[in-house]
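If you check TrEMBL, you get these features:
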type	residues	note
BINDING	HIS149, HIS151, HIS208	Fe cation binding site
Amino acid sequence: MNPFRTMLCRAAHWNLAALRTVEVSRSIASTARKATSLEVVRGRELEYVPQHFHPRTTSLTQHLHRPVLNGFTTLFTDLTHALTRPGPPPTILELERIMSSYTSLPTEWSRYAHADPSKLYTRNLVLEVPGVFNLLLLAWTPGKSSAIHDHVDSHCVMRILSGSILEKRYAWPSSPSGPSTSKRMQLTSSTTHAADAVAYINDAHGLHSVHNPSAHETAYSLHLYTPPNAAMRGCYTFDESTGERVHVRPGRYDSIGGCQ
């Protein structure tokens, strides 16, 4: 990495660290909402909006790197406006429409698409407004899958950017908190999402796993989580053969703002 890009990456990390410092003072309970609505808590700290587009930003990253306006950065603006504006929260249909409206161009999102063949998938943080939402770009290694998992009382809208994704949905096990039900989990649906497809899930819809069915091509998908509960509290993964669940603590991102 050249010195100029290193300086940009450090500035981006400092900025995100400052945003998270604000978030630490906030009660986790304030964003632990049930998945029946898109309620989010709005407070003074939510005026901290990512540097890419905040009109009052005067940070180092703004002076050194002014992003080119394109469809991907317009998507950032549209999502942030919908989820932070005064008044009623957006509907699921509105969020799906915003995610669908983007015409996927790899030249616009490739800087965020850090893949690692040694992992099942990578989690690349593209954008976040603390306590409100985060936007992740996931790179799926050929032939690999996520574990069956929940969404911690948040809403997830997934947009396929490139390749295809096989999504399997499961009913909640009868005793997910028990030691082991010794009962195989019930598969409720299996759907292959092609490029440009949009899918939505919350905990009321059940659990799911995500799989890249290609033997050779990496698949890329964009995931909106609101509120970003998993980033703060982790999530639960489930054993398909028994229904037993295990808590997984929040993990490190593979890149932040395009910087590893």
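Numbering starts at 1 and runs along the chain as displayed.
A Cβ is built for glycine as well, from the same backbone N, Cα and C atoms used for every other residue.
Keep in mind that this is a model prediction, so the values were computed, not measured.
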DSSP output for HIS151 (Fe cation binding site) maps to coil
Per DSSP (helix/strand/coil reduction), HIS208 (Fe cation binding site) sits in strand
Quick note, HIS208 (Fe cation binding site): same-chain residues at least 6 apart with CB under 8 Å of its CB -> ILE148, HIS149, GLU167, LYS168, ARG169, TYR170, ILE201
Within 10 A of the CB of HIS151 (Fe cation binding site), the number of other CB atoms across every chain shown is 21
For HIS149 (Fe cation binding site), the number of neighbouring Cβ atoms whose distance to its own Cβ is within 10 Å equals 19
Not counting HIS149, HIS151, HIS208, residues with a CB within 8 A of the CB centroid of the Fe cation site are ILE148, ASP150, CYS156, ILE201, ASP203, LEU207, SER209, CYS235
